[in-house]
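S.K.: Annotations per Swiss-Prot:
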- Ser466: active site, proton acceptor (ACT_SITE)
- Asp78, Asp120, Lys121, Glu441: Mg(2+) binding site (BINDING)
- Cys119, Cys191: [2Fe-2S] cluster binding site (BINDING)
- Lys121: N6-carboxylysine (MOD_RES)
Amino acid sequence: MKSDNIKKGIQRAPHRSLLRACGLGDNDFDKPFIGIANSFTEIVPGHIHLRELVEFVKEGIIAAGGIPFEFNTMAICDGISMNHEGMKYSLPSREIIAATVESMAKGHSFDGLVLMPSCDKVVPGMLMGAARVDVPTIVVTGGPMAAGQYKGKNADLITVFEAVGQESAGKISEEEVYEIEKCACPGAGSCSGLFTANTMACVTETLGLSLPFCATTHAADKANEKMAYNSGKQIIKLVEADLKPSDILTQEAFNNAITVDMALGGSSNTALHIPAIANEVEDVEVTLDLFDKISRVVPHICLISPAGTDTMMDLHKAGGIPGVLKTLGDKIDTSAITVTTKTLGENIKDVEVTNTDVIHPLDNPIHKDGGIAILKGNIAPNGSVVKKGAVSPDLMHLKGPAKVFNSEEEVTQAIFDHEVEEGDILVIRYEGPKGGPGMREMLNPTSALAGMQIKNVGLITDGRFSGGTRGPCIGHVSPEAMSDGPIGAIEDGDIIEIDIENRFINVELSDEEISNRLANRKNPKRDVDGWLSIYSKVVQSADTGAILR
């Protein structure tokens, strides 16, 4: 066992002495040591229940003959960090989480890992760390939050964000915003729609790193405790079989994950996180071109908030991710191995879809192609990303004058000051991985526009958008403005065309004019220190997954 590095032989007497101080006895040194990476925190709703849930994981490990060792890593709530400097730390936190898992696992020679993430950056961060360590690993995602209820309708965090815009437009009162605020998020779990956290949980299950139905089991359901217990037992089987992430995270597994992402209409942030996870695995290549290729042949078959009114609970009841996989048929490589030690095909053999209004059949899709589209053009030569499945048909093609802003704060102020008109194309730049730094999400401006019912407006940014965003919002523009990307050359009044169906984004400027403008402009100075200063120097472009190099 790998843990023999710290527990076997006379030279490891000092190590055993320290382990005895932790409560171990003679019989424990022959058992596998399992690290549990818990991301419990009291300020993130998706993580507040993990302190209790981890105890069921430990019980499963002990029952199967292992020794659990819990350690912790950080978790940032994107909702709470939204629209202020805190959001600059969200994406960079992914790298800290990955490094924490890697450091703890290698520093203590764990034989296996159980990962317990829930929210946006924690899931990919933990997967990246586990891929580096490459010991048997299983993931227990925390589970989605139940939807809130307001006036007989489902409500979630995006309902609250959009209510702020509605109040600004005089459509509802401040008191009504307060009532929505109180009921939209009823308890523990990752926000109830198909936002980034739940999308990444679905990706994790599809990759084969968590047990079937893990992604959609409600956070507060007793079934989630059983899922945690069974995962604890299963990690011992994985250690005995020496089934590692490198055996599971194949090219076919990543293709499957992107396929399910497209079918669900998942968060555009997967175009950052899936490539970043793949970057940690040998002989696997995931690019925006692969997303584009799969998007063109996989239909969008689920309409979950923010694209529609269904919730993750509805998806679970209809068949969960196994039901989506079963529906996709030969678009999925069912030979991929999973943490059950069985193939994906064996896992879903007896699954049935119980509600075809939630998981549509392939012959009756919501859209004929995938929920995410990759756009290219002279604004984004290396690509940009849009959550196509959450764009209404009448907004698939836009052409209008640019209004240019050099920060999220500037555009948000302009929207609330009612300076944005229908037909405008808002350009938000210097918000990329280097330029922000940290590639902030632009949920406040998009939610404000939605709440004000200003519909015929496009948004383009080298930052990113929340998984809760809907509408013609194009993010991840690469190269970013801080890296001399063409988005930095756009000026107020330039005519921009967005054609989502044809994967095209362009400004009516010649290459020569773009080059001249870029040569004569100065990037704004960003006064950053600490971790963000380091991050801005080593982070790569969004089209690489914003990896560090």
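Here the Cβ of each residue, glycine as well, is placed from N, Cα and C on the backbone.
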S.K.: Tell me the Cα distance separating Cys119 ([2Fe-2S] cluster binding site) from Asp78 (Mg(2+) binding site), rounded to the nearest angstrom.
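M.R.: Asp78 (Mg(2+) binding site) and Cys119 ([2Fe-2S] cluster binding site) have their Cα atoms 8 Å apart.
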S.K.: Would you count the other CB atoms within 10 A of the CB of Asp78 (Mg(2+) binding site), including those on all shown protein chains?
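M.R.: A 10 Å sphere around the Cβ of Asp78 (Mg(2+) binding site) contains 28 other Cβ atoms.
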S.K.: Report, in whole Å, the straight Cα-to-Cα distance of Glu441 (Mg(2+) binding site) from Ser466 (active site, proton acceptor).
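M.R.: On Cα coordinates alone, these residues lie 5 Å apart.
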S.K.: For Mg(2+), what surrounds Asp78, Asp120, Lys121, Glu441 with a Cβ no more than 8 Å from their Cβ centroid?
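M.R.: Once Asp78, Asp120, Lys121, Glu441 are set aside, the remaining close residues are Ile76, Ser81, Met87, Ser90, Leu91, Cys119, Thr196, Ala197, Asn269, Ser466, Gly467.
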S.K.: Between the Cα atoms of Lys121 (Mg(2+) binding site) and Cys191 ([2Fe-2S] cluster binding site), what distance do you get, rounded to the nearest Å?
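M.R.: The Cα atom of Lys121 (Mg(2+) binding site) is 14 Å away from the Cα atom of Cys191 ([2Fe-2S] cluster binding site).
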S.K.: Where's the emptiest Cβ shell within 10 Å among the binding-site residues Asp120, Glu441?
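M.R.: If we count Cβ atoms within 10 Å for the binding-site residues Asp120, Glu441, the smallest count is at Glu441.
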S.K.: Run through the Cβ atoms and count how many others sit within 10 Å of the one on Ser466 (active site, proton acceptor).
M.R.: 31
S.K.: Using Cβ atoms only, which residues of the same chain lie under 8 Å from Cys191 ([2Fe-2S] cluster binding site) while being at least 6 residues apart in sequence?
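M.R.: In sequence order, the residues whose Cβ lies under 8 Å from that of Cys191 ([2Fe-2S] cluster binding site) (at least 6 apart) are Pro45, Gly46, Gly79, Pro144, Met145, Asp156, Leu157, Ile158, Cys185, Ala197, Asn198, Gly468.
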S.K.: Looking at Cβ-Cβ distances, which residues of the chain lie under 8 angstroms from Cys119 ([2Fe-2S] cluster binding site) while being 6 or more apart from it?
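M.R.: Non-local contacts for Cys119 ([2Fe-2S] cluster binding site): Ser39, Val44, Gly46, His47, Ala75, Ile76, Cys77, Asp78, Gly142, Ser190, Thr196, Ala197.
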S.K.: Around Lys121 (Mg(2+) binding site), how many other C-beta atoms are within 10 angstroms of its C-beta?
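M.R.: Looking across every protein chain shown, the total is 28.
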